[in-house]
Amino acid sequence: MPHISIEQRLHNSLLDAAQDLQKLHLVELFQLQPTRAEIYQLNIAPIYLDYSKQRINQQALDSLVELAEHKQLSQARDAMFHGEKINHTEQRAVLHTALRNSQRLSSHAPDIAEEINQTKQRMLSFVDKILNQTLRGFTDKPITDVISIGIGGSFFGPKMLQSALVEYQTSNINVHYLANIDGAQIKQLLAKLNPATTLVIVASKSWTTIETQVNANAVMTWFKGKFPEQAAIEKHWVALTAKPELAQAYGIAPEYIFPLWDFVGGRYSVWSAIGLPLALSIGSKAFDELLAGAASMDEHFCQAPLNQNMPVLLALIGYWQQVYLGYNNLMVLPYSHGLKSLPAYLQQLDMESNGKSVNAIGDPIATSGPILWGAEGTNCQHSFMQLLHQGKQQAMIDFIVPAKGETLYPEHHKMMIANCLGQAQALMQGKTEQQAFDELIASNMPTEQAKALAKHKAMPGNTGSNTLVLESLTPYSVGALLALYEHKIFCQGILFGINSFDQWGVELGKQLGNQLMNAITTKNSSQLDPSTQALLKHINL
Ligand SMILES: O=P(O)(O)OC[C@H]1O[C@](O)(CO)[C@@H](O)[C@@H]1O
């Protein structure tokens, strides 16, 4: 027998499983194994995962779990939780998990754990004081509005969670977000606000992000138009940053500066001081529950065996679909208006983390993270779902739905559930031409016409999906959901061999944006490529 490596053996086994599964329709898989729904599920409160509709079998799952072991997934996970510098291209630890519970870290890095706890207490006490009006504006008026200026990870998390947890909004404070550098947005926002009752938060880990700087400067000009005094700035401006010295130089009072650290990646930072605008909306208790929900998923991720581990399973199923079934994109469909911005949040989380082309030692890799997209159900059923039912492109799909909905409108929630499960079913089952024909005949259509139309009504089905059921839309369950995706992405990074925690790819765009700005200001575009020159000429600034 020629010697083959473990990886090759597992690869062969996965290829065999994929070949076997290609011969079977999902409907046949259920006929052959009627207990699939009981076997391929995991209930880790507050999330129930059904993956029985995936085109997967036990041989594939066993080999995938073995592959994860072979890639030392558990060791990599422990290294992350213990604060090892796993982000090797930036020489940084990755410790967003310690923000939700620092206990696991305290035996490895007690100082960091302590600093995290102190910052959290300081931040939540600040929130309480703004909300109970102990802390007020410069003219002693209570704060009614917050402008949170930040982009990417300093924006998506708080913004998305604010709509997800709107039912938990305890304060009367309106939080407004400024991310894009669109003067029209600033104009509209500032026109309706009063500087005397507005708190301005500048959320920027690096304190160098140009969009955030430009927006902060515009808001500062507006603010100083009413209150030029430094003492006023010190009562109305807050900084959330890993560069406190730069924030202080900007004029922000040290007591109003809340740090984060280089071991918290931007897209993983909603659990840190970056969550402050959210906490000002939902209050410190609900913010704490959000952290507790995420910590519960961390605990599960650290303790559960790999084949019963929800983030690991999600990662393995996605890996299987990409590498062995040929998918390249993941569609996330939250059947919940509150979670409408979840796809946008997950886009940064997944694509900025795993959109890479080389492995840890810089060698090219064959597969990296998927394109992620999606929208709130049921709206998407009336737009792009047609393509998935009958088009030639395919997607990996995560349906997400809360089991409990708004009690004031119970019929709406029942219909939401019915639509969510109905879509997953339709994608799985499809409809044969014969079924379509029979239906048309039953509706009294003449045979020839029915034959012709049946071709258009047939749907292949056989599209797999995961369904994630949250108990309800609470801070705890949403915290667990976000941590689930974070860990899934981490696991996929390990499987692909990627460093999921750097983002060098975004740098070139920033650099060229600055060059373009220079060309526009100096009116000299001669160094630019012909297409860019022609565009600048046409725009004629
Ligand atoms: O918080 P900062 O440093 O302003 O960065 C904002 C965002 O910019 C990026 O560095 C690149 O897009 C993200 O990773 C980050 O979340």
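Placed from the backbone N, Cα and C atoms, the Cβ positions cover glycine too.
Going by TrEMBL, these are the annotated features:
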- Glu352: active site, proton donor (ACT_SITE)
- His382: active site (ACT_SITE)
- Lys510: active site (ACT_SITE)
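Of all Cβ atoms in the shown protein chains, 8 besides its own fall within 10 Å of the Cβ of His382 (active site).
DSSP classifies Glu352 (active site, proton donor) as helix under the three-state reduction. Non-local neighbourhood of Lys510 (active site): Ile210, each in the same chain, at least six residues away, with C-beta under 8 Å from its C-beta. Around the residue listed as 'active site, proton donor', taking its Cβ as the centre, 22 other Cβ atoms fall within 10 Å, counting all chains. Here the CA atom of His382 (active site) lies 29 Å from the CA atom of Glu352 (active site, proton donor).
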